[in-house]
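Asks: Here it is: the structure, laid out below.
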Amino acid sequence: MFSIQVRKRPLNKKELAKNEEDIIETHSNSLTVYETKLKVDLTEYVEKHEFVFDAVLNEEVSNDEVYRETVEPIVPIIFQRTKATCFAYGQTGSGKTYTMKPLPLKASRDILRLMHHTYRNQGFQLFVSFFEIYGGKLYDLLNDRKKLCMREDGKQKVCIVGLQEYKVSDVETIKELIEKGSSTRITGTTGANEESSRSHAILQLAIKRSVDGSESKPPRVVGKLSFIDLAGSERGADTTDNDKQTRMEGAEINKSLLALKECIRALDNDQGHIPFRGSKLTEVLRDSFVGDSRTVMISCISPSSGSCEHTLNTLRYADRVKSLSKGTNPKKDILSSTFNLKESTNVPLSSVPASNFEEDAFDSSPEQTERDDFDASEEPYQVGNPFWKKNWKIESYNLSTSEDRIRKPNGQTKWKDLPKFESKNSHSDDYLSALLQEEEDLVNAHRKQVEETMTIVREEMDLLVEADQPGNHLDDYISRLNAILSQKAAGILQLQNRLAHFQKSLKEHNVFESTCGY
């Protein structure tokens, strides 16, 4: 079950300095984008793009209101063997991290409140884990960025080997864990954002309960609430001023976001095969999209005229997901125009009494501070006259929600048309996957060679001890030493050949940087 919501951020300092206009008009569940275009004779006109979603949150909506609208309704259902996921999607710099950052703390407060009141003495326990996906690899953000391995059992359940989970009982501890993990997350500078998230961060709140009340057995997962701060989607044009490493990161990010789109498309079309193995991101989130699950997608958009293309791309994708969820499948009445996850909850959180354990830091900060931090690198936004209220001639180019008139003359737009457009990137995705796999194989081969070398060194030390003994056999010493040296040389040669092949692949795809020193 999907809920699609949109959040518009205010204009930041850079956009105001460039005199960029606010081109988005919002209503309770709809919005209009006013795009400036040029005719053949170079006269300007404005084209309207109209969209309808489950909820539209404008720049005046606080994070508390965002939480009440998006996450609060799905908190009680995770006690009923349900997996819930909330993720933000959008252009880099559109406010995804700002939107997602306070949600886990607020959800933790309500989860602990329910555990202490509604589900008291039922043996529920809350566990927190925090990891990131960077370059197709998993790293534990709460355990010194330890590299993690992902495995799949016979029931097709994904297990992350080595992921550290912390049992928590108060919000302050959760806040400290989140701050610790966030401080070690990978960020970087791109042409579109000075502090862009270069990894997908996944924070999981798992509700567990011991089997038959026994403390000797490990507790089983009852429900799980996952918060995903996706890395920003971006065009290649936004990264032309960056080094090759940044462009490689962008390619991997876009590949995983595309895989996420494909999975949502396949789920809504009831396809027999869901391509979860298209990326590490979708593999990790498999159990959040199958079975009894709830998913909230927050599409974050920038209001400035300079980000119009990005904004329209984000809205069009969100609209496709919404259209498919409401689509032609009679078996799935997933979303109605008045979709609200609150209907599926039995206990309103507002009726649950508060207690002293919820007095935490995130309630102490004033709302004005929260709003001024929307863009940490910018000054508080200024309210000006929106672009769409000025005296511009608006042509009659009103678009339907599914943008049929743009894409096809006959008004027929189908999701099946998407792969034709996106298949242009299939070749680059293939070689990127091959490079990443070859890199991992090289590292594993190096690790294996080091282990073999350590074994050989121990054997050499034993051989030297025997050689120092009186009455040793010289022939035996020479033959064994020759065998040891041959084994060492063969291992080094094999690793050198693998390294040379990897260097050649990097050069062929113009990824090899001149500063590497090779």
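Each residue, glycine too, has its Cβ placed from N, Cα and C.
The shown structure was predicted, so the numbers you read here are calculated from the model rather than taken from an experiment.
As annotated in TrEMBL:
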BINDING   Gly90, Gln91, Thr92, Gly93, Ser94, Gly95, Lys96, Thr97  ATP binding site
DOMAIN    1-324  domain 'Kinesin motor'
REGION    346-380  region 'Disordered'
Asks: Helix, strand or coil for Ser94 (ATP binding site)? Use DSSP.
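Replies: Once the DSSP labels are grouped into three classes, Ser94 (ATP binding site) ends up as coil.
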Asks: So if I draw a 10 Å sphere around the Cβ of Gln91 (ATP binding site), how many other Cβ atoms end up inside it?
Replies: 24
Asks: Rank the binding-site residues Gly90, Gly93, Gly95 by the number of other Cβ atoms within 10 Å of each Cβ, and give the residue at the low end.
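Replies: Sparsest of the binding-site residues Gly90, Gly93, Gly95 by Cβ contacts within 10 Å: Gly95.
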